[in-house]
């Protein structure tokens, strides 16, 4: 059982058992006589009271529980009785005002049978907090501790008659004075009419172009700041846009309550001449208390050291080759995005020596949270225009006018730690593609985003990349070390004769979505986004995956469309391939050569395989193997043929591709590339067909086949697509609620709504909800009050030990 201790900067973290034993000894020594009422001095030496996550039942009287409930909570009550005298006084002395109880659990809860639950939220519900973390995703964060929503200042500009140029129900044009700013939540288009503004690192000048901005509450809000202008002010038009991304709230509660809520005071001022119920897709916020949904909103401000570093790096122009690394949650992605936008839109007044016409190359080596691709991929992208929004607003660049993905490789996991050899080979191949890109765009700088895998084996990979990729700069996003990371990076940078810049981290104070939830949001956005040929911006469709028309691909017979099905990781029996494939996410990989599988190395491992040499006897006993800088990046064995590795499953005749001993050897990055992801909706054994749902354009697959490439489906270790299983249920609930609203509105306005037809429609919609709730691998809990009470009791009875990510770190996590 864990206990929670206060986070102390000076003391090193201790185990829960040691902390408990120390407290027991102190209690025995301090209380030889019967316990007396403790004084104020004594309370300071005792463990702090638990700041538990609030629940609707927290303030309700305790209810009698059944024997079954007592069995589940017996362990908690026994642990709680032990320090009863210790707990009473701290709970009286330390008073915290609880946050507003979340009221998102309205009708039911849907989740996987494994115990992962997804809360059911009403779309128009104005109260409550953001979507809570699932049981599998719960963690201690600063978001758990604040009691009230702080009145945090957002905008430095107050709208009035003098700075409002014009406004209507769709558009707002304002003047922003120099060094003042405006914060807007929602999604909108920005048109700079006069002056120069800064937005997420980009400096935008007057032009006829509109820039699409996505500013949800899941991330810090972009700040529109006037840099210079005519008569000391810039004139900016902000216009509502209808991309359809808000429709995803009907498919997942993770997309609910992330855009603008009711009209703010600034909105009401600018909508005086509009219809009474007019609403834009954005809202102007002066402070965080202006938000009707009472969320913890913060502006996206940069540290001065960040701004100086971005300006210094931008001055290198086309010679820039920067690797950005650091611990998890230190702001690597934010810094990369700001640097990218700054390079794509330099200010001519301050940087006359550099004019970017060749774009910027973005090498994303983070398969867990990629910027322009779905999870599980690393890629090289060529950007030509700044981007304004979180990753789930641009999960793919396919068909985009702002940039293209030059080449991508499927890692098949959110972390490269399971197969670092393949990861390094893929990164090296992408770097070779960048060098080839320089032939067409010689002044194209490069930004490399490295994942938070910076300790242990990840540090070895990072130092190898620093020595091998021909970089110009290395940026480490933490001033607090640790030394065992910074020193090897500094030595590698010194060996490569490049500077190592250390910047302060900029972690998020409040977290409304966990990393797993953000990955689900990005994956869901990826599968629902489309780019029509005649539209310059993406659109999102709210049709559930179960109602999307799939691609039907033959996996056997004369019209076989795929060469094989590969399962990364440990070998499985061919009889289990059907179960492993059905309902999973797979990478669609184009194989450029029949011999595209890396051969099996007799001495596996990172230091012995691709990146290092054979260790000496003295090195074999050490934990950290020494890497050989001169080792050439080549496979350790000849490539194997795909056809020779095919084994047909006995019942379904599926082409199981496996080469290796114990674990499957991956595809060679130099002879293959990833086209995207697909969801295997079903396996039609009778027709020997796979039903695939994928956003990959049919023209890309057709072009790959016309070039003689084979298609291989790679089943990796990506997160289960739980969001796809529950989409139909949430869509059915949203449709039923819209119908209920329509009926209520008709009755209120005394309009004949056709009672018989309404009742019939309502019955059909309720039946749709009933059928959608019977999806396999999903359980709908209609009454979850008991579950909430049990969870609240568990939270109150637990003391969690909060550990630092590393010595001197302000963030928390596994160390």
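Each Cβ is built from the backbone N, Cα and C atoms, and glycine gets one as well.
What Swiss-Prot says about this one:
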REGION    1-141  region 'Disordered'
COMPBIAS  16-30  compositional bias 'Low complexity'
COMPBIAS  79-89  compositional bias 'Basic and acidic residues'
COMPBIAS  122-134  compositional bias 'Acidic residues'
BINDING   326, 327, 328, 329, 330, 331, 332, 333  ATP binding site
Exercise. Across all chains shown, how many C-beta atoms besides its own are within 10 angstroms of the C-beta of residue 327 (ATP binding site)?
Worked result: 25
Seminar exercise, completed: All chains considered, the count of other Cβ atoms within 10 Å of the Cβ of residue 333 (ATP binding site) is 22
Problem set entry | Around the Cβ of residue 326 (ATP binding site), the count of other Cβ atoms that are within 10 Å | 22
Seminar exercise, completed: If you tally other C-beta atoms within 10 angstroms for each of the binding-site residues 328, 332, the top scorer is 332
For this session: Let me know how many other Cβ atoms fall within 10 Å of the Cβ of residue 331 (ATP binding site).
Result: 23
